[in-house]
Ligand code: ADP
Ligand code: MG
């Protein structure tokens, strides 16, 4: 995992070396002060040479000046390194999310993924900068200070160093505990985000049901859990901070006692004694620092683990190595013994050995009870999911051999609940063909019979439609989706209950646009209202048993099966 973490430094080698070098030099320069004091007290002070003392101070000032510059570099360029890595990871995660398949999104919550993307990566950025450098400086200062202390007096230095293993043990022990707690904390925070996302996304439903109190309770539970985890982490931190503090102060007192004893015994000079005390502080500083930044290490590690989890999720539907790019398919579709289930459980399959052939340019209507698998059949075609058994071919090519992006460009889907992006009418129409010209957009709008509405808006195409198009009526949303599809202009079209949510009058009007849209394309229509599929070349009845009937309208009525019963039920009234 560590190696993987460091692989993110590769593009910023120079920045890292610069930051690292400056940080190390700055750390070592801190050792200069005790040495200077040692010299001043033992040599210059007894000699009473004022000029030399001043020169020593000038030297010290120069060292501090250099250190100031180094600190500036470390603070700015070091953080630049951190944010660069954070940005790279965020980009990589977003790119990866674009690839992940429908099943991944079936099983993950939006808010939780957002939390990984924003909060978790924030923590990694901090560690990416401070992590390696702090650790290295800590080790360097420890070694440096210890060497100098050895030079002053071997016995005293060794005695003082007896305490180090204890301090290290505390640091490691608490770090591990904290990592676990922070991981839980991030998960709790992600839960909060998921809850907020769900609530705000559905706030209209919440208020319509007047269920605010219930929602508040749910949120309070999540919020409270996060608080408890956070409190636990603070408790661990408090133990850590206090234990290390007392150990460090014990060292200081210990050095004071032993040091004075050594001075009395004439083992060391006054200057050496003072230098020794100061060096003790220098070598305790990195340990103390580890405590103050103890939050950032485990947080970064926990965040990185959560990041890796997403990055390591393989997309389920991918391009075959020898995938072929298709350009303009004719649209001849063939399902052969297709079986499919949303879970691996064979007993819970939605489709069992479906076979069906659709000619290029044909319009096929799918009817049948809700939950029979009509939508499922259609979502196999653009490979939102791959078949569990059997195969689907378009123009004789197995769709698993077609390059995914090119396959999906050949298929257009208009669904019942249209998803529109927050933005303008123009952006949403042009989504069908990025970079479409103004003329093309207006032409698509005209064919979707949207022109009058757009022109009635003061801002025209630049009208903001709100999140998911909340500022539009159901019919307008559907028209926008149709305009988008005219621009996309795919040879294969899927209309999944596209007009089911609309009133009959609007539906009739939109049917005209849809009829125009389906012209010259292979069209799969799923319809709830049978009146809307009069123009279909063929009707396929899908039930839980699979495809049970197919043929023309009159043909199926004559059979007297499921279709005729559906027909009777709808037209009796
Ligand atoms: P239809 O469109 O004919 O009404 P669907 O194809 O939507 O039916 O659904 C067929 C079955 O698959 C239903 O039992 C439904 O519960 C199930 N199903 C649909 N989508 C999913 C999904 N994303 N994950 C799990 N099960 C699903
Ligand atoms: Mg459906």
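All positions are counted from 1 along the displayed chain.
For all residues, glycine too, the Cβ spot is worked out from N, Cα and C.
Values in this document were obtained by computation on a predicted structure and should not be read as measured data.
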Practice item. For the transmembrane segment entry in TrEMBL, name the matching range from 104-121, 158-175, 176-193. Key: 158-175
Practice item. Match it up for me: which of 198-215, 216-233, 270-287 does TrEMBL list as transmembrane segment? Key: 270-287
Study note, to complete from the structure: On average, residues of the domain 'ABC transporter' (333-569) score a pLDDT of 91
Revision key, fill the gap. Sequence-distant contacts of the transmembrane segment (237-264), meaning Cβ under 8 Å and at least 6 residues beyond its ends, amount to 153, 155-156, 159-160, 163, 166-167, 170-171, 174, 178, 270, 273, 276-277, 280-281, 284, 287-288, 291, 294-295
Review point. Do any residues of this chain, six or more beyond the ends of the transmembrane segment (270-287), have a C-beta under 8 angstroms from a C-beta of it, and if so which?
Key: 27, 30-31, 33-35, 37-43, 45, 134, 137-139, 141-142, 145-146, 148-149, 152-153, 156, 160, 167, 171, 244, 248, 251-252, 255-256, 259-260, 262-263
